[in-house]
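Novice: Dumping the structure here so I can ask a few things about it.
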Amino acid sequence: TQYSFKEVFGTLVAQKELFDVVAKPLVEDLIRGKNGLLFTYGVTGSGKTHTMTGSPGDGGLLPRCLAMIFNSIGPFQAKRFVFKLDDKNGVDVQSEVEALLERQRREALPTPKTPAGKRQLDPEFADMIDVQDHCRAEEVDEDNVYGVFVSYIEIYNNYIYDLLEEAPCDSIKPKWNNCNTPVRNGDFVPPQSKILREDQNHNMYVTGCTEVEVKSTEEAFELNRESSRSHSVFIIKLAQAPLDADGDNVLQEKEQITLSQLSLVDLAGSERTNRTKAEGNRLREAGNINQSLMTLRTCIEVLRENQLYGTNKMVPYRDSKLTHLFKNYFDGEGKVRMIVCVNPKAEDYEESLQVMRFAEMTQEVEVARPLDRPLCGLTPGRRLRNQAFREELSRKLELRGGPVGAGPEEPSAAELFFQSFPPLPSCELLDINDDQTLPKLIEALEQRHKMRQMLAEEFAKNVLAFKTMLQEFDSSVASKENYIQGKLAEKEKTITGQKMELERLEKKIKTLEYKIEILEKTATIYEEDKRNLQQELESKSQKLQRQASDKRRLEARLQGMVAETSLKWEKECERRVAAKQLEMQNKLWVKDEKLKQLKAIVTEPRAERPERPSRERDREKPLPRSVSPSPAPSAPVAPLRPRRSRSAGERWVDHRPPSHVPTETLLQPRMPRAITVDAPSERALARCDRYLLTHQELASDGEIQTKLIKGDVFKTRGGGQAVQFTDIETLKQESPTGRKRRSSPPNPDPAGDAADSEWTDVETRCSVAVEMRAGSALGPGFQHHAQPK
């Protein structure tokens, strides 16, 4: 996995190199009146506190920032209490007299016994802050006076505590009672959580937080504390105000005061709660820390989304005290830097990946930069001119009256000036007639007056010359300033143009990156669709191949079935043709027999015909019907042979539906080894060779007509059973009187009436139709009524 950052430092990097790249620009912006925020972010044990504070002999970012500040503004610091912070995140300026009174009042107060006041500077800390680089800012406004204020807070369990708050040292030490049980001091008041408020400039600050004015790096660094499982914030405020027109005192205008702030934040570790192995309060503490860090990530993600996609989602700053305190920085009130500390431990692998992923994402968030503070309108270089004037004045006074302030009993400049006049004569009048004392006194006074006028003229000339020199100097300085301002304006225009060009290019780059990202996503989608379509095409190709192979197998199977069916039907046609030929031969034989009998009847002499019983006697006394009536008396009658059933050695499946209605027909199917079922099953079909389906329906005359549908059972290639229907038998009841008899001719021949009655009688025709005559080879009558499928 690769992550890209603005700068990457190895394990052997020096603290000075890290400070020069990361923190030095923030300190320079602080001195110029701009705000800054510096984070150290990472899991526990990755070196955040070491990066912030350093080690003995090699100070970290915090002592180097303090050293650079005091090295830059050391000669221009205001006296203590000239700047006074108010309770609303503002600053007031006092005169030197008011500051002196404030110092005297503070010195008269008893020193509270606080841990900070009681602690002495650790030699290791002294070694940390002894920075030998003497780094300082290049462009420091020498016409301003400066004051440095520090505060130190921690955010613990989403509560803000003031680490510089004055509290008794022994108040939390437990006392023991008679039961050896620790008892808390009743007077102990636990530290109260501070509240965040918003000032008139919509900047967030901690209400009631202790802000100490410091004058050196040692004094400021003494207030820092060790690392803890909380977010510690060390805030450095720099107040600066311009000098007046003379360059002597601070300008007493609150509007001209600039207050800038640099916050150094040592974030708590971002590891998971299950890795901390904490329980109870420690577990809740780790959860609150992770919640605040998660809120920080959420705010960064929402800011990134709003800037990339032009949305206007609300950033959840208020979900955590950490993000709520520094929301002004993310809204554009300062420069933000983050140092990501990574420890190459296998246990921290997943957490380190999350840390680097979040830190890489924060680089895409743009924070607007505040504008430079306006100029006060006074002539620059006032401090230097005032110092030059004082040095020149003291030099001239030294030339005129000796060195100034050489000793406690040396005469002042006024005394030396009066000593340069001629001495006055004695003014004592002892005689009324003394006419020399007054003229001498008048003469001495006139000489002094002349000398005074000469000195006044010389002084006026010197003042005029000095003014002229000052004016020339001012004009030269003004011309140089105008020239410099013109050059600066040109440079600023060039820089502004270059910045605008850079911004335009950066926006263009972001737009192109966004387009590239969209194109990459689109290409990814298209590639995914291409892969899906290729997979679908392959699956369809395989399916088509399977279908083609199935089709070929089916064609082969159908060809086999067609060939088998063709062969079967050829045999069936041959059988039917043979049967039809036999039937026609039988018909021809019957006709021949009839013709022979008719010829015999015609050629034989007329004899007495046998008396035919009347129908009335037949009805009264039924006679047994012959099995096969002979067409002629002389024809021999052959006995009927019992025909063996085709199903003698076969087993049948008798399928009778539940709605079957039994009939009273004499002809009933008889199958001794049949298996009677309501519905066909594979088990029953596997045990039998033939199949019989009994189907009943109403005929056209309203009678129940029973159809016996027969078929052969055979095994299929797949291992199942199939039925192929062969023929159908029909059982139907009819009334004999309902049949139409053959109409007789209008003039029947009485001689042939007896012979014709044998062939036109119903019983005779039924017997012939059912049983045939003796000697017939057509077989039983059901073959004539069968309907092959």
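Glycine too: its Cβ is placed from the backbone N, Cα and C atoms.
Below, the features straight out of TrEMBL:
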DOMAIN    1-365  domain 'Kinesin motor'
BINDING   G42, V43, T44, G45, S46, G47, K48, T49  ATP binding site
COILED    488-564  coiled coil
REGION    601-666  region 'Disordered'
COMPBIAS  605-623  compositional bias 'Basic and acidic residues'
COMPBIAS  647-657  compositional bias 'Basic and acidic residues'
REGION    731-762  region 'Disordered'
Novice: Return the residues near G47 (ATP binding site) by Cβ distance under 8 Å, restricted to its own chain and a separation of at least 6 in sequence.
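Specialist: For G47 (ATP binding site), the qualifying residues are C341, N343.
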Novice: Give me the long-range Cβ neighbours of G42 (ATP binding site): same chain, 6+ apart, Cβ under 8 Å, in sequence order.
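Specialist: Listed in sequence order, they are K48, L267, G269, S270, V340, C341, V342, N343, S352, V355.
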Novice: Any same-chain residues 6+ apart from S46 (ATP binding site) with CB under 8 Å of its CB? Would you list them in sequence order, or say none?
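Specialist: Same-chain residues close to S46 (ATP binding site) (Cβ under 8 Å, separated by 6 or more) are G269, C341, V342, N343, D348, S352.
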Novice: With the ATP site defined by G42, V43, T44, G45, S46, G47, K48, T49, which remaining residues of that chain have Cβ atoms positioned within 8 Å of the Cβ centroid?
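Specialist: These residues sit around the ATP site: T40, G269, C341, N343.
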Novice: Using a 10 Å cut-off, grab the number of neighbouring Cβ atoms around the Cβ of K48 (ATP binding site), all chains included.
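Specialist: Its Cβ has 24 other Cβ atoms within 10 Å.
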Novice: With an 8 Å cut-off on Cβ-Cβ distance and a minimum sequence separation of at least 6, pull the same-chain contacts of G45 (ATP binding site), or say none.
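Specialist: The list for G45 (ATP binding site) reads G269, N343, K345, D348, given in order along the sequence.
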